[in-house]
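Enquirer: Under the heading transmembrane segment, TrEMBL lists 6-29, 41-64, 126-146, 152-172, 193-213, 219-237.
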Amino acid sequence: MLELIHMTALVVHIAIGSVALIIFWLPIIEKKGSAFHKRSGQWFVWGMTAVSLSGILMSSLVFIDPLAIRDPQGLMTLTQANQAVEVGRSSSAFLFMLSFLVLCTTRQSSLALVARANRDVLKTPLHLFCICMLVVSAFYVGYVGLQRTSMLYEIFSVLSIVSALGMLRYIYKRDLKKSEWIIEHLTNIVASGIAAYTAFFVFGGQSFLNHLVPGDYQILFWIMPGVIGATISRTFAVKYRKQYRVA
């Protein structure tokens, strides 16, 4: 039963995620504020919400019972089973964190756009719970990263914590500057895309990369979305801070 649920969620995750990764670029290249910018942006929000929820479901199932998903027929040896449990739980924790990072940044971006100067919609129990889950999972992934000496886990653990603290700071800061919500919308939607592309290269594209790139160099592809995304985010943030006089 768990295997069937996981497989169904995986199909949904891959199908919607593949389309969303392409849609991500449409609002970026389209004129800001245009009808198509808004429409394609909403498509991306819907897609990322579905992708993050399916990712949370899949990673939770694997973390709870790795062998029910990875070895439903019970064909592994004891050594193989123990290894599958260890790897399954660490990788599922990373996916769980990335899924909450996608969910939180997508929601923060969308809600900031709706709320503008009124941040009450950002203070709902659901949104704050998601941010808290991101922080908790990030600390756990950081711990796993230290245990496994995984630079990828450690980097994204720190990035997730910084992202969560940034969201909370925006939500609870005393005063907002005029049009500051635009910067919050922009930086978080780009962060959502960064997390989505990272998840693709780490999980979905790993088998493809194995045939083209030596293992030691694959981390470059895992970090590359963050570098590109940060560059895009900073470029637009600087532009719109000047345009709307947001210090």
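Glycine too: its Cβ is placed from the backbone N, Cα and C atoms.
Quantities reported herein were computed from a predicted structural model and do not represent experimental measurements.
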Enquirer: With an 8 Å cut-off on Cβ pairs and a sequence gap of 6 or more, do the transmembrane segment (126-146) and the transmembrane segment (152-172) reach 3 or more such pairs?
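Expert: Contact confirmed: at least 3 Cβ pairs fall under 8 Å.
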Enquirer: Near the transmembrane segment (152-172), which same-chain residues lie under 8 Å Cβ to Cβ, leaving out any that are not at least 6 residues past its ends?
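Expert: Residues 90, 94, 97-98, 100-101, 104-105, 108, 112, 119, 122-123, 128, 131, 134-135, 137-139, 141-142, 144-146, 180, 184, 188, 191, 198, 202, 219, 222-223, 226 contact the transmembrane segment (152-172) from elsewhere in the chain.
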